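Undergrad: As annotated in TrEMBL:
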DOMAIN    A:2-228  domain 'ABC transmembrane type-2'
TRANSMEM  A:12-30  transmembrane segment
TRANSMEM  A:36-58  transmembrane segment
TRANSMEM  A:79-107  transmembrane segment
TRANSMEM  A:113-137  transmembrane segment
TRANSMEM  A:149-167  transmembrane segment
TRANSMEM  A:203-221  transmembrane segment
Ligand SMILES: Nc1ncnc2c1ncn2[C@@H]1O[C@H](COP(=O)(O)OP(=O)(O)O)[C@@H](O)[C@H]1O
Ligand SMILES: [Mg+2]
C-alpha cells in the first residue's frame, strides 16, 4: 500500500503541474488537456512503478532470499514470475488511482468497454516490457541506487514524445526522435482509443514495440538470472 | 553402516572459481540425525561446500549425495529433502514474521500454512512480534525467523551457514539449543562456523 502511494505521487504531481501551470500555454488542438495528458502520465507511473520491482529483486538477491528459493523444490523461473506478477498487479492498482484523480480533474472519455479493454491490454504489455527490463536491472545492479537508476531515462522518455505537447512544435532532430520512439505510438494509440477515434497503424506499431522489448528483455533477464545459479 | 544411515556423503569434491582452486578433493560423511560442524577460517571454502550441497553451485568434479540422492543426477529430489539457511538472514523485511512463514509454507505446498506459521512462531518465541514487519526485528529475532523459515515442511537435512555470526552470547545459546533439539528429533544438521574461540 505504501508503495502504491509512493509510486503514484510523482505522476499525480506531474499531472497537476502540467494541467494547472503549463496547461493554459500548451496548444494541443484539444479542448481538454487532462484527456491529452493522461496516457503519458500512466506510462510515467508504470516506469516509476517497475523501478520498485528492480529494488525488491536486488534486495532479495543481496539478502540471500533468491538462494533460499533456489534451494527449494520450486521451479526456478517461478521466483522471477512472482516478481513480475506482483509488478503487474501493483501497476494496475496505481493506474486505477491515477485515472480516478484524472476524473476529478476533468478527464472524460466516450470510450466503450472494448476500447478500455484494449487500453488495459496495451498498458499491460508496456508494464511487462518494463518489468522484464527492471528484472535485468535488479539482477545486475551492484548497489540499491544502481538497481533503480535504469528507470530514470525511461521516466524521461515521455517528455520527448507526444505525451505532453504535440511533436510538431519540436526542433528537427528532437522531433525525429520523438516521432519514432515507442512512447509516442503507445500514447497515440491510447489517446485514440480513449477518445473513440480510429487507431490506424499506430496501434500495431505500439504492439510491435512492446512485444519486441518483452522478448528481448525476457531473454536477457533469463540470462542474468542463470548467472546467479 | 547401512546406506540409509548416511545423510550426506561427499567424495573427491573439487571446485575452482575461474583458475583459483577453492576445494581440492573434499571427502566426508554425515550420519543421519547427527550434528556435523564444518569449521574453517574465512575464505576456506565453507560457503562453497554448502552451496554445492544445496544445489546452488555445481562442483567441477567429485561425487556427493544428500539423503541418498545424487546432486548431479537428481537435484530436484535433493531440494525436496533439504533446507538452506544462508550466511545472512534471508527474510523478507517488507513482510511480517508470520507472512514470511506463511509464504514458505505455501511455496512448499503445505495444507495448513496458517497453522504451520503459528506453531513455528510459538516455538521460536516470535508470537508477540509475529505481526510486525521483519524490518523492525533485532538481529537475534531475524536469525530465529530465518531458521524457523528453514524448518517449514520439516526437511530431513538442514544446512546452516554461520548461524551464530553477529549474535550476542544469549542469541548464540538459543541457536545451539535449536540445533540440539533438531538433531534430537532426527534431523541431520550441517553447520559451518568460522574457527574462532568465541564459537564455544
Ligand atoms: N563467486 C566467486 N567468484 C570468485 N571467487 C569466489 C567466489 N565465491 C567465493 N570465492 C572465493 O572462494 C574462497 C572460498 O570462499 P567461501 O566458500 O565463501 O569461504 P568461507 O565460507 O569459508 O568463508 C574465497 O577465497 C573467496 O574469495
Ligand atoms: Mg562463508
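The first residue you see is number 1, and the count goes up from there.
From the backbone N, Cα and C atoms, a Cβ is placed for every residue, glycine too.
How buried are the listed features, and what sits near them?
TA: Residues 36-38, 41, 44, 98, 101-102, 105, 164-166, 169 of the same chain lie 6+ residues outside the transmembrane segment (A:12-30) yet bring a C-beta within less than 8 angstroms of a C-beta in it.
Within the chain, the transmembrane segment (A:113-137) has long-range Cβ neighbours (under 8 A, six or more residues past its boundaries) at 42-43, 46-47, 49-51, 53-54, 57, 80, 83-84, 87-88, 91-92, 95, 146-151, 154, 186, 189-190, 193-194, 196, 203, 206-207, 209-211, 213-214, 217-218, 220-221, 224-225.
For the transmembrane segment (A:203-221), same-chain residues at least 6 beyond its ends with a Cβ under 8 Å from one of its own Cβ atoms are 80, 118, 122, 125-126, 128-130, 132-133, 135-136, 139, 182, 185-186, 188-189, 192-193.
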Undergrad: Under 8 Å, at least 3 Cβ pairs, sequence separation 6 or more: does that hold for the transmembrane segment (A:79-107) versus the transmembrane segment (A:149-167)?
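TA: No, the transmembrane segment (A:79-107) and the transmembrane segment (A:149-167) are not in contact.
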